[in-house]
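One structure is given here, and the rest of the page talks about it.
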């Protein structure tokens, strides 16, 4: 048994770590042969303007007077060049956007490990393939294309990083600095023979990075006067630069111009996600080799490489937009062929590297003989049973998967659960139990519909949960008083202690809330009492009777005292409702197994928890085993999402831990919130443990635990393929969180099961040994 669980944990740890090796290591390969079109290119030089943070609609739309904010760009659109909307890919940040444009691929997420400031893996780019590249702009963007370039032919001119100030009076100075430096550069070139010779070479690139719009957008929003005036300034200065190029090169018609943006911006001045205002950017091209206006899609990196005749960037995966080219059919065909060979080279190198680093018997072509064998084996089952069971299992698993995205799917599942007794013979055998199951299933179904984030604290609900716990304690004490045995004093003392803990928890929550409202801080006595209740919550249940019903109630009462301290609203009621449903579930499963003849019905007040791992009897797997395992998995997922959590850190309110500490301490606060999450898990696992003591069969426990793990494996495989290494940080983080949550559940359920066994089977005594009575 120990070996089985050890191997299982090892496998899950391997799967857990595999996503970081598969999704978050660089896909780039090296060693390809540069590919370029052998025919003469249409342009000798390329000028690339990138207006950082410029939205497409802000450039193209007319102002309130019906005039264009960028009249020069507008005239290019109408008469000289090709234009359109370029679609950037999330995350819509400056570095990934520039890498896509200039290197031709979407930068992998491993760049975040260095804050997107340095290259985690060196890559080829248009600038590296050029004869010379001169660039002006932000110190955050330019160095990444110069670092790692072969030779010293990429020149960068940047202003000081301190200039990038969101609180500056005039962020347009960032753009005017660039334009002024470019004009100074060409003025100096007329008086410097060496520089004059270089700028007159072919295959040269001039890159102007304009950060003013991005800075004004962050500081004042894209709808502001500052942002719109910045567009006008950029348009005027681009006109000056274009005129200067034409004059400097004597109107030779060998200059290609591209004006675009790396990303857009939301109405509230942010970017990084996938809203159209962030992903839709302008693209305007004109000059040598460019056709007149038309509607086509374009990958910018191969387009620029083709225009000036340099090799396509080795890591580029872009497809050349031949519709933009104003050249012969032969030139277009050669360019398309070169583009295809360049992409094929990456595949060949990647395949060779994988083959060299993989064991031979693992690197084999996929055999279609595999699918046929699988279909043949499945067809051996009766078709009706196979299809029915497959649909039910698939539907159940998909509901659980969808619940990670839409919490209301748990509500739908619990509503279906509510009707379960009426679809079986349970309704005729145990009407009261069936009605109770339906009532508490529907009551629990309300919680996934409650708000997740942004809710205000509601102490009345926390106090209501505390009062319900006190009523439950009084009910238990009343039932104990009616019993006549020698242990009544000890048990009464335990329950009175738990009632005191509940009262103290309610007082501390109320007192702390009022103290913080008055800005008086967390009272020291409240803090001491809170930590004392937390420390005792796992010890006090061990003092109670090992009788199943009493021990489960004791565990609930102790954990509820801690949970009240960690609650701010409706979630305080959740463990109470969940535990009631768990009690009824134990009764329902007992009726089911008695009906099938697996065990005989016993009174829960007479059954005691026992620690026994021996498997005495064996039996075949039945459909009820799969159903029980699915119920357990469903309740475990509900235990997490039902309390208002989502797979994002912003769903956890720091106000939950204010009864314990208010000074920011990430580790301590995170640990307390983690324990709050685990309390409903512990309650479910204790009920899981209790079910099998009522059956007196560890075989069923082993089967159901194995099937439960199997359910989680199927769910985890869904999220394994849903992990994203592209998109906004919210999308990437959420996809990782989903996989981590499922795999963590699978791994830590073993430990939670051990904790549940400890809480249910161990017994501590307040004093001495019990007296023996001879009968």
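Heads up, the Cβ atoms here are built off N, Cα and C, so glycines get one too.
Here TrEMBL flags 369-728 as domain 'GPI ethanolamine phosphate transferase 1 C-terminal'. Annotation source TrEMBL lists transmembrane segment at 374-397, 404-423, 435-454, 461-481, 493-510, 522-543, 563-586, 629-649, 655-688, 700-721, 736-759.
A mean pLDDT of 79 is what the model gives for the domain 'GPI ethanolamine phosphate transferase 1 C-terminal' (369-728). With a threshold of 8 Å between CB atoms, the same-chain residues lying at least 6 positions outside the transmembrane segment (404-423) that come near it are 430, 433-434, 437-438, 441-442, 444-446, 448-449, 452, 588, 631, 634, 637-638, 641-642, 646-647, 719, 738, 741. Counting only same-chain residues 6+ beyond the ends of the transmembrane segment (563-586), those with a CB under 8 A from a CB of the stretch are 433, 436-437, 440-441, 443-444, 447, 450, 455-459, 461-462, 464-466, 468-469, 472, 502, 505-506, 508-509, 530, 533-534, 549, 552, 556, 604, 631, 635, 638-639, 642-644, 653, 655-657, 659-660, 672-673, 675-676, 679-680, 683-684, 686-687, 690-691, 694. Within the same chain, residues 457, 508-509, 512-513, 516, 521-522, 526-527, 530-531, 534, 552, 555-556, 559, 562-563, 565-568, 574-575, 578-579, 582-583, 585-586, 632, 635-636, 639-640, 642-643, 645, 704, 749, 752-753, 755-756, 759-760 sit at least 6 positions outside the transmembrane segment (655-688) and bring their C-beta atoms closer than 8 Å to a C-beta of that stretch. Below 8 angstroms of C-beta separation, residues 459, 462-463, 466, 469-470, 473-474, 476-477, 480, 526, 529-530, 533, 536-537, 540, 543-544, 554, 557-558, 560-562, 564-565, 567, 659, 766 of the same chain, each at least six residues beyond the ends of the transmembrane segment (493-510), sit close to that stretch.
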